[in-house]
Amino acid sequence: MQHLVLIGFMGSGKSSLAQELGLALKLEVLDTDMIISERVGLSVREIFEELGEDNFRMFEKNLIDELKTLKTPHVISTGGGIVMHDNLKGLGTTFYLKMDFETLIKRLNQKEREKRPLLNDLTQAKELFEKRQALYEKNASFIIDARGGLNNSLKQVLQFIA
């Protein structure tokens, strides 16, 4: 078994699904944003504000290469922009948690939106969402309809890997 890599826009449920998959499959769960945040000693928002998005993307790209060297399979929850890296290919089996923009925004309360620097301006966020759609689909081994909630997404992933 390869790594199971969850991709999708901010708020699509990657972190929650990763935890459930980890429990169901008895695999360790890794969260790329959390790993970067712990290593740098700043939240993702603080990294963007203090070090810039380019530095965050560099940390992300380097982490992908590092994760490729792990010998045992993991469930990996990724940041929404990870699909911008050409080295994502080969990390594992990727599952795109697909959801429309309006549903994503409804799922995130104000506090959650404040943690995500790229959601400050909803018009810009929607443009980013639309731009990334093709990248998510291009990088996906499988597309998960994430609108049906966590349990539904979990069932879909488990069916694909059965």
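Just so you know, glycine gets a Cβ as well, placed from its N, Cα and C.
Noted in Swiss-Prot for the protein shown:
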- GLY11, SER12, GLY13, LYS14, SER15, SER16, ARG116: ATP binding site (BINDING)
- SER15: Mg(2+) binding site (BINDING)
- ASP33, ARG57, GLY80, ARG132: substrate binding site (BINDING)
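Positions of the features from Swiss-Prot, shown on the structure.
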residue: GLY11; record: ATP binding site; DSSP class: coil
residue: SER16; record: ATP binding site; DSSP class: helix
residue: ASP33; record: substrate binding site; DSSP class: helix
residue: ARG57; record: substrate binding site; DSSP class: helix
residue: GLY80; record: substrate binding site; DSSP class: coil
residue: ARG132; record: substrate binding site; DSSP class: helix
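The Cα atom of GLY13 (ATP binding site) lies nearest to that of GLY80, taking the binding-site residues ASP33, ARG57, GLY80, ARG132 as the candidates. For the binding-site residues SER12, LYS14, SER16, counting C-beta atoms within 10 A of each C-beta gives the highest total at LYS14. GLY13 (ATP binding site) has a Cβ environment of 22 other Cβ atoms inside 10 Å. Residue density at GLY80 (substrate binding site): 22 other Cβ atoms are found within 10 A of its Cβ, drawing on all protein chains shown. Here the Cβ of ASP33 (substrate binding site) has 25 other Cβ atoms within 10 Å, regardless of which shown protein chain they belong to.
Summary for the binding-site residues ARG57, ARG132: the Cβ-based neighbour count within 10 Å is maximal at ARG132.
Among the binding-site residues GLY11, SER15, the residue whose Cβ has the fewest other Cβ atoms within 10 Å is SER15. Taking SER12, LYS14, SER15, SER16 as the binding-site residues under consideration, the smallest Cα distance to ARG132 (substrate binding site) is found for SER12. Comparing Cα positions, GLY11 (ATP binding site) lies closest to GLY80 out of the binding-site residues ASP33, ARG57, GLY80. LYS14 (ATP binding site) has its Cα within 10 Å of the Cα of these binding-site residues: GLY80, taken from ASP33, ARG57, GLY80.
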